[in-house]
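Structure, as structure tokens:
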Amino acid sequence: MASLYNQAPSVSAVFSLYTSFSAIMMLFRTIFNDIVPKQIQDHITGKVVDFFFSSYLPSRFTFVIEKEWDSVENITFRAAEVYLPTLLSGLSTGNIVVGSSNLKNPEAQPKLGIPIDTNITDEFEGIHLEWTLHSVETKNSPYEKRFFHLTCEKEFRKKIMTEYFTYLMKSADNILRESLKIYTYDRRNSCWLSTIFEHHPTLETLAIESHLKTRIIDDLDAFSQGKDYFKSVGRAWKRGYLLYGPPGTGKSSMVAAIANYMKYDIYDLQLQSVRDDGELRRILTSTPNRSILLIEDIDCGYGASCKCQTKETKEDCERVSLSGLLSFVDGLWSSCGEERIIILTTNHKEKLDPALLRPGRMDIHILMGYCTPFVFRKLVALYLKIDDHVLFDPIEKLVLKVCVTPAEVTQQLMVTKNADIALKGLLELLENKTMKEEEDTKEIEDGGDTRKLNQMKKDK
Ligand SMILES: Nc1ncnc2c1ncn2[C@@H]1O[C@H](COP(=O)(O)OP(=O)(O)OP(=O)(O)O)[C@@H](O)[C@H]1O
């Protein structure tokens, strides 16, 4: 112990060593600063730092992807939500999030959900990547903030930025095209909620007159290939359809057929549940490109026109104004996003404000009307798989005479697969309707109500 103590350097020796070392360092620093050019200085400093610290400092880089970007939905976040479930089946955690919203098919395999705070690994051109979904509570609506962390080695940061994110967007787009979704707006959490879109009508199976079908297909084709055209004429790449006609004439089926044809998701907005114009603007700007915005029953969705609410909720439904809606259709609609379709439906076109109908506002107005002989034959071919029958003739004569909707006809045709029984039932339905209409007409004629009489003729 004593010998060890004797070998220790004296305090004065340590002090003199320290002084010499400081002097050399100062001299070296002065020479380095005065003689070596600034760029070379930075380069050398960087190399020295890398050499000494690379094994100690974290070499990981994290991209933070929040749910909103510029106050609208962040499509990178959305793409991650769509893409990541494809990586989940190999997840080696002890639990996994599963669920389904498909009430029509309860036996279907549930879908995989993205678990919170769980690492999901991906591989991109040999680069190891880690995704994690985080969730934090907030004090104000929407009360929860979600964001993804995407982590990689620092050196791959640029490649991920330029190539991986493009790959992510393309992959998500491909997945979305395979399964269409319908979204409804969740006001409480200020977000769109999706379910798988299980509507099968297509423009082929929809019973509509051939000229109408051709017109719609031509218009949709021109629209989807029209990016340059729309740009060249200085118009936004958008299309607006107004579908009008009595209940059961196929307006919703037409929306589904258009969505299936275009492979666009549907964003179904209940205008009555929107608080005010500001909220409307926020909701509408959060719909993505290549989508259909659907507003059904537009005649009772805005302003004072809404008479269908109770006293307590009346205030709510008067908050979205017609001008708010129009400014979206004309202004905001034109200035944000592209390749979008807006579809408005109504059972009462005559109740709509003329401002909504003026030329240029909705590009095409489509009447979904009562059944015609052509529509009847198409429905029979679809439901009963026949193209001729002895009852066709009397049925077609009555179809021309009375107002019967395609929904009423399909209901009758679905009663049985036996064509004789189904068509007999339909004939009876039409005969009853004829009798009823004749009685009504007589009653109105006797009462002298010419306005009502004209309306009945017009309906037909
Ligand atoms: N043109 C049609 N071709 C084939 N089926 C049709 C057609 N029109 C209606 N149907 C059938 O009638 C049902 C109701 O139609 P749909 O909901 O599309 O009518 P709608 O006009 O949207 O009615 P509403 O105004 O009450 O919402 C559909 O499920 C479909 O089976």
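Quick reminder: no glycine exception, Cβ is built from N, Cα and C everywhere.
What TrEMBL lists as compositional bias 'Basic and acidic residues' is 444-460.
The domain 'AAA+ ATPase' annotation in TrEMBL covers 237-372. Across the domain 'AAA+ ATPase' (237-372), the DSSP tally of helix, strand and coil residues reads 58 helix, 27 strand, 51 coil.
The region 'Disordered' annotation in TrEMBL covers 437-460.
According to TrEMBL, the feature transmembrane segment maps to 12-32. The list of residues near the transmembrane segment (12-32) in space but at least 6 beyond its ends in sequence, with Cβ under 8 angstroms from a Cβ of it, reads 41.
Restricting the average to the domain 'AAA+ ATPase' (237-372) gives a pLDDT of 80.
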